[in-house]
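Per Swiss-Prot, the feature region 'Head' maps to 2-92. Residues or ranges marked as N-acetylserine in Swiss-Prot (evidence: a large-scale study or a structure entry): Ser2. Residues or ranges marked as O-linked glycosylation site by Swiss-Prot on the basis of similarity to another entry: Thr21, Ser27. What Swiss-Prot lists as omega-N-methylarginine is Arg23, Arg30, and the listing cites similarity to another entry. Per Swiss-Prot, asymmetric dimethylarginine is recorded for Arg23. Per Swiss-Prot, phosphoserine is recorded for Ser56, Ser67, Ser103, Ser472, Ser502. Residues or ranges marked as domain 'IF rod' in Swiss-Prot (evidence: sequence analysis): 90-400. Look at Swiss-Prot and you will find 125-137 tagged as region 'Linker 1'. Feature annotation from Swiss-Prot assigns region 'Coil 1B' to 138-234. Swiss-Prot lists 235-252 with the feature region 'Linker 12'. Marked as region 'Coil 2A' by Swiss-Prot: 253-271. Among the features that Swiss-Prot reports, region 'Linker 2' is placed at 272-280. Residues or ranges marked as region 'Coil 2B' in Swiss-Prot: 281-396. Taken from Swiss-Prot, the feature region 'Epitope' applies to 381-391. Among the features that Swiss-Prot reports, region 'Tail' is placed at 397-543. Under the heading region 'Tail, subdomain A', Swiss-Prot lists 397-443. The region 'Tail, subdomain B (acidic)' annotation in Swiss-Prot covers 444-543. Marked as region 'Disordered' by Swiss-Prot: 462-543. Swiss-Prot lists Thr520 with the feature phosphothreonine. According to Swiss-Prot, the feature compositional bias 'Basic and acidic residues' maps to 526-543.
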Amino acid sequence: MSSFSYEPYYSTSYKRRYVETPRVHISSVRSGYSTARSAYSSYSAPVSSSLSVRRSYSSSSGSLMPSLENLDLSQVAAISNDLKSIRTQEKAQLQDLNDRFASFIERVHELEQQNKVLEAELLVLRQKHSEPSRFRALYEQEIRDLRLAAEDATNEKQALQGEREGLEETLRNLQARYEEEVLSREDAEGRLMEARKGADEAALARAELEKRIDSLMDEISFLKKVHEEEIAELQAQIQYAQISVEMDVTKPDLSAALKDIRAQYEKLAAKNMQNAEEWFKSRFTVLTESAAKNTDAVRAAKDEVSESRRLLKAKTLEIEACRGMNEALEKQLQELEDKQNADISAMQDTINKLENELRTTKSEMARYLKEYQDLLNVKMALDIEIAAYRKLLEGEETRLSFTSVGSITSGYSQSSQVFGRSAYGGLQTSSYLMSTRSFPSYYTSHVQEEQIEVEETIEAAKAEEAKDEPPSEGEAEEEEKDKEEAEEEEAAEEEEAAKEESEEAKEEEEGGEGEEGEETKEAEEEEKKVEGAGEEQAAKKKD
């Protein structure tokens with residue numbers, strides 16, 4: 001019976017407590033947080049050792065199973081005691097491991113939360129420091145683009161000017177050629193006039209020669225008529241003489257004499273006819289030669305006139321072509337000049353617009369920086385108030401342990417009224433930032449560094465604006481006044497800081513043993529300082 005009761009205990013409760021529990025724990029570890037595996041695995045050696053013990057024990061128990069019937073109750077009690085001690089040890093180790101694992105998980109969660117907080121702060125700081133640089137990079141890129149556009153426009157203008165000079169040189173060459181053609185035309189016109197005069201003279205000479213030919217032909221015809229009439233008269237006389245001789249003189253024979261006379265007259269007539277024909281032929285040849293010469297001269301003059309007209313027409317066409325080319329080039333040059341002027345004016349308008357946008361953006365950036373500085377001053381004032389109230393509360397708490405309840409309530413009401421006035425004064429002006437004594441020196445130095453950085457960025461932006469636009473005389477005087485006022489304010493702040501440091505040193509030497517009266521006096525002095533600083537700033541603003 002004991003053997004049957006021992007085996008179920010070993011098979012169920014032992015496995016459930018020593019095997020299933022670590023498995024459930026490990027599965028929860030995997031699902032809960034994966035980063036703790038290394039930590040858990042580093043501390044899981046006892047579990048494996050316990051498992052090895054269980055395996056060895058189970059193997060030994062398996063080997064002892066046939067002889068369990070021979071065991072007595074004392075051996076069973078010893079084995080159960082050993083198992084209980086092993087269970088308690090393993091349970092303690094598992095509890096330790098669970099506790100350490102829970103602590104590791106809590107630590108990891110804390111580190112993750114801290115990491116998230118630090119990442120948020122880093123993101124905020126990066127945004128704060130990257131916004132001005134991003135704007136600056138954008139405007140610098142825009143300025144570079146505008147400068148490149150201006151350089152391109154200048155290069156294009158120079159190229160157009162070179163092209164214009166080339167066109168002007170071509171125009172001058174064409175004008176010189178035109179003048180040469182005009183001179184050659186005038187010369188040709190002069191030669192044409194001379195040729196026309198020669199042609200007119202040749203025509204007149206030809207007309208005169210034709211008239212002389214007509215007169216000579218008339219004279220020839222007249223001489224022929226006269227010659228024929230003379231021949232007729234001579235024949236009539238000869239016939240009459242023959243008749244009269246035949247009638248009157250019958251004695252002598254006159255036929256021979258008449259024949260001689262007729263022969264003489266015929267010879268004389270033939271000679272005269274021959275002389276007249278020779279004279280006519282010579283005269284006709286002379287007139288023909290002169291007419292031919294005049295015809296050749298007229299033909300040459302006509303040819304020269306036609307050639308001159310042809311040359312004049314060609315030169316006129318060439319002059320018209322040059323004139324059209326000149327007009328086209330002048331029109332193209334005017335269009336190029338108009339286009340260039342329009343492009344330059346458009347680029348200038350764009351540059352002016354971008355400069356105005358840059359100027360407005362710089363002014364907005366300066367305004368934003370100023371607002372940021374004001375907000376920073378307000379934040380510092382609020383931090384100072386919080387620190388002052390904290391110090392008051394700490395002082396009140398320390399005072400509560402030594403004073404009665406009535407004195408604590410009265411002192412607390414008086415101190416709260418005093419510090420309420422001081423807090424109101426701190427909100428009114430930013431000079432309260434450097435006049436408090438309860439603010440930590442490290443935080444004040446850090447805030448002063450931030451203020452200095454903001455002022456440097458504002459001064460750099462103003463310097464860039466001053467470089468972009470030359471200041472006038474009134475602006476230069478205002479800038480000098482602003483610089484003097486800034487130097488005076490810095491000197492006053494340095495003096496106040498030195499006074500505060502000396503007062504803080506005195507307070508540290510005194511060991512913080514101030515009472516309510518001293519605190520009220522200090523608060524009143526701080527209020528007076530704040531009011532004096534506010535009045536000084538108001539007077540400066542009025543000036």
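Just so it is clear, glycine is given a Cβ too, placed from its N, Cα and C backbone atoms.
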Number of helical, extended and coil residues in the region 'Coil 2B' (281-396), per DSSP: 116 helix, 0 strand, 0 coil
Summary of DSSP states over the region 'Coil 2A' (253-271), given as helix, strand and coil counts: 17 helix, 0 strand, 2 coil
Count of other CB atoms lying within 10 Å of the CB belonging to Ser103 (phosphoserine): 11
Secondary structure tally of the region 'Linker 2' (272-280) (DSSP, helix then strand then coil): 9 helix, 0 strand, 0 coil
Composition by DSSP (helix, strand, coil) of residues within the region 'Coil 1B' (138-234): 97 helix, 0 strand, 0 coil
DSSP state at Ser103 (phosphoserine), helix/strand/coil: helix
